[in-house]
Amino acid sequence: MLEDAFVTRKLIAGNWKMNGSLEANEALLRAVLAGLPAEPAADVAVCVPAPYLAQVQALCQGGPVAWGAQDVSAHERGAFTGEVSAAMLRDFGCRYVIVGHSERRQYHGETDEVVAAKAQRALAAGITPIVCVGETEAQRDAGETELVVKRQLAAVIHALGHCVGEIVVAYEPVWAIGTGRTATPEQAQAVHAVLRAQLRAAVAGQRRVRILYGGSMNAGNAAALLAQPDIDGGLIGGASLKADEFLRIVAAAG
Ligand code: PGA
């Protein structure tokens, strides 16, 4: 296939969620930076709570770890109390922003359309959105996995058009997030293949869109998941808070 000639490096992105403190972040990042080779075989990033972006920028600037946020406003600027705009994230050097994480969809009512608008704002500011899709356990049991993830991705493709080639997608089955129940490599690959086909149809001839797997990925299961042909990296929650575990996942992606 044409775009297979453009296979990119894997991306291992930590999602710290609402964890951390000035002290803990510094210890974690210093340990990660000390443990990484100067030129890691995979791209590495951490997505951190917004108040810590300046700290993380100062610690990571010029090194092998990129940084980003966990959410961005769908609005450009103005009277949206509490929101953080894509331009503000850009000011702090963010390369990535997670959008549409299942916790945002579930607890903050984010619809497919809102998620698509956020992805659009990020791209317009020069930030790569990591767009999360994934089915709940009930949806999987009802045989709706493919339908759900395709609908979630379709909204983003519809909003972005051919620019969807610039995003990163993360497949995160909701039942595997923070539960210790990882999708098997075969289960994950099957969904990644569906997403790959959908992306290929939307961005034919462009470079390969990276599709990450997320959901209880750890040092023990990363290698088998990352060996699947359509798994281009990982979005790591709990295991990204432990330097040693995170470093071993990065090593498994090399
Ligand atoms: P987990 O979280 O690795 O703790 O399951 C992944 C995520 O929610 O991004």
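Think of each number as a place in line: the chain as shown, counted from 1.
Heads up, the Cβ atoms here are built off N, Cα and C, so glycines get one too.
Those TrEMBL annotations? Automatic predictions, nothing curated.
Over in TrEMBL, the protein carries these features:
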BINDING   N15, W16, K17, G178, S216, G237, G238  substrate binding site
ACT_SITE  H101  active site, electrophile
ACT_SITE  E172  active site, proton acceptor
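This view paints the features noted in TrEMBL onto the structure.
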| residue | record | DSSP (3 states) |
| --- | --- | --- |
| N15 | substrate binding site | strand |
| H101 | active site, electrophile | coil |
| E172 | active site, proton acceptor | coil |
| G178 | substrate binding site | coil |
| S216 | substrate binding site | coil |
| G237 | substrate binding site | coil |
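Apart from N15, W16, K17, G178, S216, G237, G238, the residues listed for substrate, the same chain places the Cβ atoms of I177, I236, A239, S240, L241 within 8 Å of the centroid of those Cβ atoms.
Residues N15, taken from the binding-site residues N15, W16, K17, are distinguished by a CB atom under 6 angstroms from ligand 1. Non-local contacts of G178 (substrate binding site) by the CB criterion (under 8 A, 6+ apart in sequence, same chain) comprise S216, G237, G238. Within 10 Å of the C-beta of E172 (active site, proton acceptor) there are 29 other C-beta atoms, taking all protein chains into account.
Comparing Cβ neighbour counts within 10 Å across the binding-site residues N15, S216, the minimum falls on S216. Counting neighbouring Cβ atoms within 10 Å of each of the binding-site residues (G237, G238), the lowest count belongs to G238. Local packing around the Cβ, expressed as the count of other Cβ atoms within 10 angstroms, is greatest for H101 among the recorded positions K17, H101. Same-chain residues at least 6 positions away in sequence with a Cβ under 8 Å from that of W16 (substrate binding site) are, in sequence order, V46, C47, V48, P49, Q70, S240, L241. Here the CA atom of the residue listed as 'active site, electrophile' lies 10 Å from the CA atom of N15 (substrate binding site).
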